[in-house]
Amino acid sequence: MAKGEGAEQYTNTSLLQKPSPDEVKLAKHETKSRLSVCSKLCYAIGGAPYQITGCAIGFFLQIYLLDVALLDPFYASIILFVGRAWDAVTDPTVGFLVSRTPWTRFGRMMPWIVLSTPFAVLCYFLIWYVPSVDQGKVVWYLIFYCCFQTLQTCFHVPYSALTMFISTEQKERDSATAYRMTVEVLGTLIGTAIQGQIVGMANAPCISTEIDLNSTGLEVAPDVNITDPHVSLQDLRNAYMIASGVICAIYVVCAVVLFLGVKEQKDTCRVRTEPMSFFQGICMVMGHGPYAKLVMGFLFTSLAFMLLEGNFALFCIYNLGFRNDFQNVLLVIMLSATLAIPFWQWFLTKFGKKTAVYIGTTSVVPFLISVVLVPSSLAVTYIASFAAGVSVAAAFLLPWSMLPDVVDDFKVQNPESQGHEAIFYSFYVFFTKFASGVSLGVSTLSLDFAGYVTRGCTQPGEVKLTLKILVSAAPIVLIIIGLLIFISYPINEEKRQGNRKLLNEQRENEMDSETDSTELNVV
């Protein structure tokens, strides 16, 4: 037989066969649900503000409150914990309100995103302003931190739930999620670069104390000039305000691009059920086994990365001695994470999302061990930071890639209960933000108990030991707990594809029913 002869015969035979009605419907459905690259990019850009501001707050707010606003560590821990706890409470509340929002000409999610943006930008800017009245600093930061978190929640919860309304196809949603995660990690890179580099150019000198004496009684840092530290401190405060102004401008631009470039699609699968109460929503989402296991697993792994994020700047300054380089180390982590997102998207497509969780999360452990055990070396720290960024990328991508699978599983098991996507997303954000509040509050309070010295050139041994625990031992334990929970997570690739097929059948049946009803009304 000549080469290609059999293939030609097979092709001719295939062309004579008519596709089945189901194949025709599926092809039309997939074509209609396909997203353009432009739409995916505009959708992805909308996720940047949350990550840019979150990265700036996560990496720099703790050190800002301690060494720039000059707050006592105890009050700083209260601000960080109350702000994140309040933020966590607002997530399910906003999710509940979004789920009851009627459909408008702009959709159900877009009005929340647009209206919250200008007020969120104002509150974010005021977080990085130091009021002149010392007695009112704590109240100032509490008010504007909580207000910003509330307004950002009004942006982020609808934006997260928008994933379910940009397309009905899992493949398209996963692709859009990959675009989004790439831009969001790029957003953390931008946030780290803007905040770190602008602030890094205006470093205020540290203050020598009695613990800065070596065994001979001489100061370790005798060249530090503290005759008038207020001048340099004011420059540092101005640098924080400049950085916040730049971030506010980016926030507004991203919101405009999202609004103009993304069209929210109305789900045609089923008519939405009657709105449920807030506590009914809690029972509904937590009563769905796959969702509860997914959230609990990522709760512990996210807490590990949040502990690392919140304390790594202090660890670089006081344990590793990189006071003038810590912002560059953070930048390397975020740059590596940005570059690794396409790899993890390919990996989860090739080997499955559950496998990606195990490989991606555990890859950070060697970094956590090396930064504590290996003697301080800037070159080694850069290499380890680049390797850690690969794991950070997985931590960004996987939760948002797996949440739509859980929502789809709920729809398959509860076909009569629809329109609750925002509740699922908001409760996930609630748990992760609550974990973030706990991590920041506990870590800052631990530093207070250990004897943290505000703007000190060095710190007591107890503080350095506490920082080692917060960036190494504690995250490793939390990662292990999270991975043990993921063992019982039931949605594998086979289950996911089965749910996809069932949902497509539901949508096709619903569209057929609507078509039949229309024809009967015409007759």
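Placement of Cβ uses the backbone N, Cα and C atoms for every residue, glycine included.
Cross-referencing N12, N225 with Swiss-Prot, the residue annotated as N-linked glycosylation site turns out to be N225.
Through the fold, the transmembrane segment (76-96) approaches residues 61-62, 65-66, 112, 138, 141-142, 145-146, 149-150, 152-154, 157-158, 161, 278, 281-282, 422-423, 425-427, 429-431, 433-434, 436-438, 440-442, 444-445, 448 of its own chain, all at least 6 residues removed from its boundaries and within a Cβ separation under 8 Å. Between the transmembrane segment (139-163) and the transmembrane segment (463-486) there are fewer than 3 Cβ pairs closer than 8 Å, counting only residues 6 or more apart in sequence, so the two stretches are not in contact.
Relative to the transmembrane segment (227-260), the listed stretch 109-128 leads the set 109-128, 171-202, 329-347, 377-413, 463-486 in CB pairs under 8 A.
Within 10 Å of the Cβ of C457 (disulfide bond) there are 20 other Cβ atoms, across all protein chains. Secondary structure at C457 (disulfide bond), as computed by DSSP, is coil.
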